[in-house]
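If you check TrEMBL, you get these features:
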- 72, 73, 74, 103, 117, 121, 248, 252, 253: L-histidine binding site (BINDING)
- 1-305: domain 'Aminoacyl-transfer RNA synthetases class-II family profile' (DOMAIN)
């Protein structure tokens, strides 16, 4: 997708709110390389996840190493935390990012094969309050943008023991219907039956609807964590629904998983999602470290803005176009444009210094200029500028100080 100027006006407005929000919550920015060793994603996201099994852009480099364009942000950030000894910093480490991602998936409304993901990771805290604070931060961000009617869909997948007990129950249940499964779902049944709960297949939805619920298999510790988290969401005034089928698309999650959903986006209603991943750092060679985070797509958010009829562009800086009406005006025009730009006034000029005034004014109109400043022999002789307001269709002659005041 090409990002054109009008699109970027909205983009930059969102980015500004995003950066203000994450800094208010104590996060610091991180950037990781655009590609990683493929093994990072196969080990962390899981071989049965759609990202690994269908969506990775993978290639062999000249050294015979398998590399992949990053499809998501959490694994690279966790890898950077581990390799750069960030465990020696005061814990937890709170990081945010805004980076391009790549997935070979079917393009949908607001979803593209190259997209930009924004997200946060809190590494080094097992507390339920961390879960609540990150969800609160996400909700605060969307409120600042102007969203109304958003809700949190939330679930607990439990700890390792809880998930194993639940997995065994799912295998027993789904085996009754295994003859109805295609090869893909047969594979999920063998490797990770929780993936079946996330099905988009209409023929399987009724089977999934009557499957065992993970909430019935939570250990006492996981149940307490979940209950205390929900208690804090209530204190924060965040509306939520417990969704027993919510598992998210990556295999590294444990305990809390959540999505931020909109009622105006149809079946694909999520605009953000994340959860807890306490085993991920250990999976890639570090010590067991608790962590929680979420990610979301910028393009998906811009699509949601349209559906919610939210305009973030607001009042833009006024644009000024300088017109040279004589060959002798070139030096004066160059001096003026530099002085105005130094004062924070947006200015442009025809780089050929065309002296046809009508044609230059026509170009200024096409460029959505607010003002035109004309400099010709008369203006040079009398030491003033002719200023046209293209909206009010007025014209006046002004000295430099009055000119500056009129342009602000």
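Glycine is no exception: its Cβ is also placed from the backbone N, Cα and C atoms.
Just so you know, TrEMBL annotations never went through curation; they're auto-generated.
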Among 72, 74, 248, which are binding-site residues, the residue with the most C-beta atoms within 10 angstroms of its C-beta: 74
For residue 117 (L-histidine binding site), the number of other Cβ atoms found within 10 Å of its own Cβ: 21
Protein Cβ atoms within 10 Å of residue 253 (L-histidine binding site), excluding its own: 25
Secondary structure of residue 74 (L-histidine binding site) (DSSP, helix/strand/coil): helix
Mean per-residue pLDDT computed across the domain 'Aminoacyl-transfer RNA synthetases class-II family profile' (1-305): 88
